[in-house]
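Down below is the structure, laid out as C-alpha cells.
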Amino acid sequence: MEEESGEELGLDRSTPKDFHFYHMDLYDSEDRLQLFPEENTRRRKEVVQAERANESTGAGDGKAQRDLQEEVEELVHLYGLEDDHELGDEFVENMPRMGVSEYPPYGMKRRDPAREQRDWRLSGEATEAEDLGFGGWGSAGQCQDLREVYRYTHGRASEEYECYVIPEEEDEEEAADVFCVTCKTPIRAFQKVFDEHKEHEVIPLNEALESAKDEIHKNMYKLEKQIIDMENFANHLEEVFITVEENFGKQEQNFESHYNEILETLAQKYEEKIQALGEKKKEKVEALYEQLVSCGENLDTCKELMETIEEMCHEEKVDFIKDAVAMADRLGKFLKTKTDVEISTQPDFEDQTLDFSDVEQLMGSINTIPAPSAPVINPQTPNSATGSSVRVCWSLYSDDTVESYQLSYRPVQDSSPGKDQAEFTMTIKETYCSVTDLVPNTQYEFWVTAHNRAGLSPSSERAVYVTAPSPPIIKTKEIRSCEEAVLICWESGNLNPVDSYTVELTQAESPEASGVTESVVGIPTCESLVQLQPGQSYVIYVRALNTGGPSTRSEPATVHTIGSYFRLNKDTCHPWLTISQDGLTILRSERSTPTKEPPPSDTHFTRCVAVMGNLIPVRGHHYWEVEVDEHLDYTVGVAFEDVPKQEDLGANCLSWCMRHTFASSRHKYEFLHNRTTPDIRITVPPKKIGILLDYENSKLSFFNVELSQHLYTFSCQPHKFVHPCFSLEKPGCLKIRNGISMPKHVTFY
Amino acid sequence: MALKQISSNKCFGGLQKVFEHDSVELNCKMKFAVYLPPKAETGKCPALYWLSGLTCTEQNFISKSGYHQAASEHGLVVIAPDTSPRGCNIKGEDESWDFGTGAGFYVDATEDPWKTNYRMYSYITEELPQLINANFPVDPQRTSIFGHSMGGHGALICALKNPGKYKSVSAFAPICNPVLCPWGKKAFSGYLGTDQSKWKAYDATHLVKSYPGSQLDILIDQGKEDQFLLDGQLLPDNFIAACTEKKIPVVFRLQEGYDHSYYFIATFITDHIRHHAKYLNA
C-alpha cells in the first residue's frame with residue numbers, strides 16, 4: 001500500500017491538471033467536491049499505468065474480479081446504498097480478501113476493481129475532450145494517453161461491462177454525458193453513434209438528472225408525509241391503548257360492583273327463603289307430633305276399655321249386669337267421641353315461587369352505566385349575559401349517561417358571609433341553561449350535579465357568572481358638542497363598578513348612512529369625547545360592559561354637530577343670577593339685591609355677577625351668540641376655568657371680554673384683557689353679539705350679528721381651554737344662542 | 001381710451017401694474033396703479049379702489065402700504081388712482097401742497113379755473129370704473145372703496161353719495177368733516193366757491209345725516225398720535241356722532257401710538273382688506 005501511494009504521488013505530479021472533468025452538479029456535498037480532484041487525478045493515472053502494465057495479465061483476473069465487483073455493486077444498488085460509504089467500503093475491503101485466496105497476485109487484484117471503474121471514466125473524459133474542441137490535444141503526451149484509452153475502451157466494449165458500470169457506479173466515477181431514455185441509462189455521447197443506442201432517444205444528462213432529481217424529491221416528500229402520517233397514527237394508537245386500558249378499568253370496576261351487589265342480594269334472598277322453609281317444616285312436624293300424641297292417648301283408652309270389658313266378663317252375673325250397664329254407658333260415650341284419623345298436616349311443602357325480579361333489575365343495570373361523575377361547569381362565556389340572565393354551560397364526561405342535571409346558584413356577596421343567601425335549584429335536561437330574573441351587574445355562583453337511574457353525581461366546581469350591567473343614563477343636560485366632536489357624560493346606572501362603557505353613534509336622517517353604527521369601546525370613565533363629522537345629527541347610546549356582557553342601550557341622546565353647543569355651568573353662577581331651565585338664559589332680577597357681597601369662592605363668581613358656560617374642550621372653532629339689550633350693562637367673552645372669581649371679567653390675564661356700559665345715553669364698548677382695552681367706538685349698539693373663539697389662529701372675535709359687523713379681535717394664546725363667560729352689571733337678561741352654524745362673514749376673521 | 005402700460009411687476013403671484021391714459025373728465029394724462037391678483041387670471045374679481053391722501057400719487061400706496069399679500073389672498077383687484085389732475089398749467093396749482101396738484105379732494109370743481117380739470121369725484125366714480133371694467137377682469141357689481149386722510153374723505157363721500165354702489169367702505173385717518181377743518185375750508189372754497197351749502201355735498205359728516213340707510217359697514221382706523229387729528233383737521237368725533245345718531249354702522253378704532261403715516265396704514269391694511277373682502281367675497 002505504501003508503495004502504491006508513493007507511486008500515486010509520483011504520478012500525480014505529471015498529471016495534466018486541466019484535464020479534470022466531473023459532473024459536479026451530481027454531487028451536493030461540498031467536501032466531496034473537494035475530495036474528487038485529488039482522488040480522480042490519482043486514480044486516473046493509476047489506471048493508465050495499470051492498463052499499460054497489466055493489460056494482458058489483468059484480463060482474466062479482471063474479468064473474475066469484475067464479477068465479484070458486479071455482485072457487490074448489485075447488492076449495494078439493491079439496498080439503495082450507493083451513497084453509503086461505510087457499506088461500500090466494507091464491500092470493497094471484503095473483495096481483496098476474497099481475491100487473495102483465489103488469486104495470489106494480490107496487488108494486482110487490489111488495483112483491479114478501481115481500474116475497471118476508471119476505464120470507462122477515462123473514456124468519458126476523452127469524449128468530453130473531443131466535445132470541448134481541440135484545446136486538450138495540444139500536448140502530445142496527453143494525445144498519446146487519450147488515444148490509448150480510447151482504443152482500450154472500444155476494444156473492450158461489451159454490454160455487460162457497460163451495464164454494470166454506468167448506472168450503478170459509486171458517485172465519483174461519473175462520466176456519461178447523455179441519457180438514453182429508452183434504456184433509462186446514462187451513456188456517453190459517442191455511444192449514441194456506435195452502440196445499440198443508435199436508434200434510441202437520448203436527452204442531455206443534466207436534463208435527465210434534473211427530472212430524476214425532481215422525481216426523487218417528490219418521492220421523498222411523499223415519504224416524509226407518510227412518515228409524519230404514520231407517526232401520528234402511532235401516537236393515536238398509543239392514545240387508544242391508554243383509553244382502552246382506562247375504559248377497561250372503569251368497566252371492570254363497574255362489573256365488579258354490580259356483580260357483587262347481585263351476589264349479595266342472592267345470598268340474602270337465599271337466607272330468607274331457607275329460614276322461611278325451616279319454619280314451615282318445624283310447624284308441620286309439631287302438628288304431626290301433636291296428632292301422634294293424641295292418637296296414642298286414644299289408643300290407650302281403647303285398650304283400657306277392652307281390658308275392663310274382659311274383666312267384666314269374668315265377673316258374677318249380678319256384678320256383670322251392674323258393671324255392664326255402667327260399661328255400656330261409658331263405652332257409648334267413648335265411641336261417640338270421634339277419633340280423628342285425618343292427617344292434619346300435609347307432608348308437601350307449598351310451591352315457593354322464587355322472585356328474581358329485583359335481581360333481574362340488577363342484572364339489567366349492569367349493562368347501563370354507573371352514576372355519572374361530577375359535570376364540569378364552564379367558565380362564563382364573555383358577552384353571553386344580559387342584565388337579568390346568564391347562560392350557564394357545563395359538560396359531562398363522554399362515557400357518562402345523564403338523565404338530568406340539577407343546577408344550583410346563589411348570589412355572591414362578600415359583604416355578609418355569615419348570612420346564607422337563598423339558593424336556587426332547577427332541573428335541566430340540557431347541558432346549558434339560561435337563568436333569568438337575576439339582578440344586573442351581580443355575581444352568581446353556579447354549580448351543577450348530574451343524575452341518572454344509578455344515582456346522583458358529585459357536585460361540579462363552583463363557577464362565578466356575572467350578569468350584564470344596567471344601561472347607563474346619559475346626562476343629556478351636560479352634553480357639549482362642536483362641529484368636530486361631542487363630549488358625552490353619563491351615570492353608570494350600576495351600584496357596582498363595571499368594566500367599561502361603549503358609546504354607539506348612528507347618523508340620523510342621513511339616508512346613505514342609515515343604520516350604520518359606529519362604536520367607541522373600552523371607555524373606562526363616565527365620559528367620552530367622540531370625534532364626529534360636522535353638520536350631522538347623531539343618535540348616541542351608551543352601554544355598560546362587564547365580563548358577562550354589554551348592557552342594553554341607554555336612552556338615546558341626539559347631538560347635532562352644527563356649531564358649538566354648551567350650557568351654562570350653574571356651579572359658577574353668582575348667587576344673584578338665575579339660570580333658565582334650558583341653561584341658556586341668564587337673568588338678573590330687578591328686585592333689590594342684597595348689598596352684601598357673598599363670601600369669596602373658587603368655584604362660583606362672588607364679586608362680578610357672572611356665570612360661565614361649559615364649552616367642549618376641543619381646539620378648533622367655536623361660535624356662539626348672545627342676545628343683549630342695548631341699554632344693558634353686560635360683559636361677554638371667554639375665561640379660563642380658574643379665572644379669579646372675585647375679580648371682574650377682563651381684569652386679569654385669564655379672561656378676554658367685551659364690556660358694554662350705558663351711561664348718560666352713551667354706549668361705551670371695551671374689549672378688556674388684563675384691565676386694558678383698545679379705544680374703539682361703535683356707532684350702532686349690537687343687539688346680538690357673535691363671539692368666535694378660534695384656537696387654531698389664537699383669536700377671539702366679536703361681531704354685531706345683525707350687521708355682520710366685525711367689532712374687535714383679540715389675539716390671545718389660550719394655553720388651556722377657555723370657557724364662555726357672561727356677566728350682568730345691572731338687572732337684565734342675556735340669552736345665549738349656540739349650536740348654530742357660523743355666519744359666512746365670521747369666517748373672514 | 002387707450003391704456004399705456006407704464007410698469008408691471010410680479011407681486012405675491014399677481015401683477016402690480018401702472019397705466020397711463022387720457023382722462024376725459026380731467027382733460028389730462030392720468031396714471032393709475034392696478035393690482036391683479038392670481039385669481040384674476042381665471043375669472044373676474046371684485047374691485048377695490050384706494051384713494052390716497054394729500055400730495056400722493058398712485059405710487060405711495062402701492063410702494064408703502066404692503067397691501068399686496070392680503071389682496072392676493074382675497075383675490076381683489078386693487079385700483080389706486082392719482083390724487084389730482086397733473087400738468088394742467090393752471091395758475092397756482094403747484095403753489096401749496098394742500099391745494100391743486102396732489103390735492104384734488106375728490107370733488108367736481110365748480111369754480112374757475114379748476115372746473116375744467118379738477119373733476120376728481122366724477123373721475124373716481126364714473127370714468128375710472130368704466131375704464132377698469134372695460135379693460136380688466138373685474139365684476140362691476142362687487143366694488144368697494146377705501147382711502148387715507150383726504151382719500152379717506154374721498155372714500156366716505158363716494159360711498160355715502162352713492163348708496164349701494166360700494167359694498168363697503170373704510171378709511172385710515174379720514175378727513176371726516178372737511179367743512180369744519182382748515183384743509184377742507186381752503187380746498188372747498190377754492191374748488192366750490194364760497195357758498196358753504198354746496199360744501200356739504202362733499203362732507204361725510206353731513207352726508208351721513210341724509211344717508212338713506214342702505215346698509216354700509218364703515219371701518220375707520222385712526223392713529224391716536226396723529227398730528228392732524230390733534231390739529232383738528234380730521235374731526236372723526238363729529239362723524240361718529242352723526243353715524244351714532246343715524247345708526248350708520250361704524251367701528252372706529254383709535255389706535256394708541258400711531259401717527260398719520262404709511263407705517264400706520266401698513267399696520268392695519270390687512271384688517272381693511274379683510275373688511276372689504278368680507279363684503280366683496282360674500
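Heads up, the Cβ atoms here are built off N, Cα and C, so glycines get one too.
TrEMBL: automatically predicted annotations, no manual curation.
In TrEMBL, the feature coiled coil is placed on A:260-287, out of the ranges A:8-35, A:260-287, A:456-483.
As stated in TrEMBL, the feature region 'Disordered' covers range A:37-66 out of the listed A:37-66, A:577-606. Sequence-distant contacts of the coiled coil (A:260-287) (same chain, at least 6 residues past either end, Cβ-Cβ under 8 Å): 344-347, 349-350, 352, 354-355, 358-359, 362-363, 366. Mapped onto DSSP helix, strand and coil, the domain 'Fibronectin type-III' (A:472-564) counts 6 helix, 48 strand, 39 coil. Regional average pLDDT for the domain 'Fibronectin type-III' (A:375-471) in the model is 85.
Each residue in the domain 'Fibronectin type-III' (A:375-471) gets a DSSP state, and the totals come to 0 helix, 41 strand, 56 coil.
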